[in-house]
Amino acid sequence: MESPAPPPLTVAQSRAVDRVCLEDYGLPGAVLMENAARGCAELLDRVSDGNPGAVAIVCGKGNNGGDGFALARHLTIRGATVHLFAPFEEPPDADEEPGEAAMNARVARRMGLPWTDWTTLSEEDLTNRLAEEAAGGWIVDALLGTGPSGPPREPMDVAVRAIHAARSRGPRVLAVDVPTGFDADGGRPFQSSPDGGACCVRADRTATFVAPKPGFAMDGASDWTGSVSVVGIGAPPAAIESVR
Ligand SMILES: NC(=O)C1=CN([C@@H]2O[C@H](COP(=O)(O)OP(=O)(O)OC[C@H]3O[C@@H](n4cnc5c(N)ncnc54)[C@H](O)[C@@H]3O)[C@@H](O)[C@H]2O)[C@@H](O)CC1
Ligand SMILES: [K+]
């Protein structure tokens, strides 16, 4: 039986939890990211009866992308077939970029996981590749999480549209933390056009960290988030309470 969902945390509060863990408790970001990614792998396994099948993971350049790189490792350990769609051909050196996202990208690269720099592909080619690599399985949206406060800019918008088009050919979509382009406090995409179009990932499931975000319960939000599961990142309960 799943435990009841904790009360919501706004995007700012969620980011504050990360900061309190790092600064007040000395809990490294790499540990939080590891827990986040392993939690996502467990969820994908659980909702796929232990066999997620082919998984295409589309990563951005921030820590949401870092979750995607770490998730690739955990899914590989579990026997899934993973293809990484990274925002670069080669991860930056540790001297250039010491953060946990780049570290997880380097590890995934050294594992020799199938790898495509998605920023070099046209929207149509990226759509086709995602549909191929995720056939019968999942596309993971690890483009953007709680970082942005507006609609996805180039080149993220291209990847959002490609994920949307590939999903219409069968694969399910798991959003990491927040569907890219979705305002998790406001409960709708950051920007919608008058005809209802929006640059936002439409997910079948969202694995959100620490607590649900307030917008997830608002009218129409589940059209974008799908079914929401909360994944713990190992934050001490008092760290979470301190930001409420
Ligand atoms: N250590 C931590 O703080 C943890 C963070 N976690 C993950 O980290 C995420 C937040 O990471 P970040 O703060 O790096 O933010 P994101 O990864 O959400 O986004 C930052 C990146 O997006 C770019 N960007 C910002 N706004 C944009 C826009 N409108 N269009 C296109 N690109 C844009 C930035 O230049 C940057 O490269 C969370 O959602 C969660 O997935 C988890 O790993 C848990 C632990
Ligand atoms: K995301």
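Note: Cβ is positioned from N, Cα and C throughout, glycine not excepted.
As written in TrEMBL, here are the features:
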DOMAIN    14-241  domain 'YjeF N-terminal'
BINDING   Asn63, Asn64, Gly65, Gly66, Asp67, Gly145, Thr146, Gly147, Pro148, Ser149, Gly150, Pro151, Asp177  (6S)-NADPHX binding site
BINDING   Asn64, Asp141, Thr180  K(+) binding site
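Features as recorded by TrEMBL, highlighted on the structure.
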residue: Asn63; record: (6S)-NADPHX binding site; Cβ contacts under 8 Å, 6 or more apart: Gly29, Met33, Gly99, Glu100, Ala101, Gly145, Gly147
residue: Asn64; record: K(+) binding site; Cβ contacts under 8 Å, 6 or more apart: Ala142, Leu143, Leu144, Gly145, Thr146, Gly147, Val176, Asp177, Thr180
residue: Gly65; record: (6S)-NADPHX binding site; Cβ contacts under 8 Å, 6 or more apart: Cys59, Ala86, Pro87, Ala101, Ala105, Ala142, Leu143
residue: Asp67; record: (6S)-NADPHX binding site; Cβ contacts under 8 Å, 6 or more apart: Met33, Ala36, Ala37, Cys40, Ala142, Gly145, Val176, Asp177
residue: Asp141; record: K(+) binding site; Cβ contacts under 8 Å, 6 or more apart: Val58, Ile163, Val173, Leu174, Ala175, Val176, Pro179, Thr180, Val201, Ala203
residue: Pro148; record: (6S)-NADPHX binding site; Cβ contacts under 8 Å, 6 or more apart: Phe190
residue: Gly150; record: (6S)-NADPHX binding site; Cβ contacts under 8 Å, 6 or more apart: Phe190, Gln191
**OP:** Using a Cβ cut-off of under 6 Å to any atom of ligand 2, determine which of the binding-site residues Asn64, Asp67, Thr146, Pro148, Thr180 qualify.
**Re:** Asn64, Thr180
Original post:
Of all the binding-site residues given, Thr146, Thr180, which has the fewest Cβ neighbours within 10 Å once its own Cβ is left out?
Top reply: Thr146
Original post:
Across all chains shown, how many C-beta atoms besides its own are within 10 angstroms of the C-beta of Asp177 ((6S)-NADPHX binding site)?
Top reply: 26
Subject >> Secondary-structure category, per DSSP, in which Asp141 (K(+) binding site) falls >> reply: strand
**OP:** State, in Å as a whole number, the widest CA to CA span among the (6S)-NADPHX-binding residues Asn63, Asn64, Gly65, Gly66, Asp67, Gly145, Thr146, Gly147, Pro148, Ser149, Gly150, Pro151, Asp177 given in the record.
**Re:** 21
**OP:** For the domain 'YjeF N-terminal' (14-241), would you mind checking the mean pLDDT of the predicted model?
**Re:** 97
**OP:** Please state whether DSSP places Asp67 ((6S)-NADPHX binding site) in a helix, a strand or coil.
**Re:** helix
Original post:
If the K(+) site is taken as the center of the Cβ atoms of Asn64, Asp141, Thr180, which further residues of that chain fall within 8 Å of it by their Cβ?
Top reply: Val58, Gly60, Ala142, Leu143, Leu144, Gly145, Ala175, Val176, Asp177, Val178, Pro179, Val201
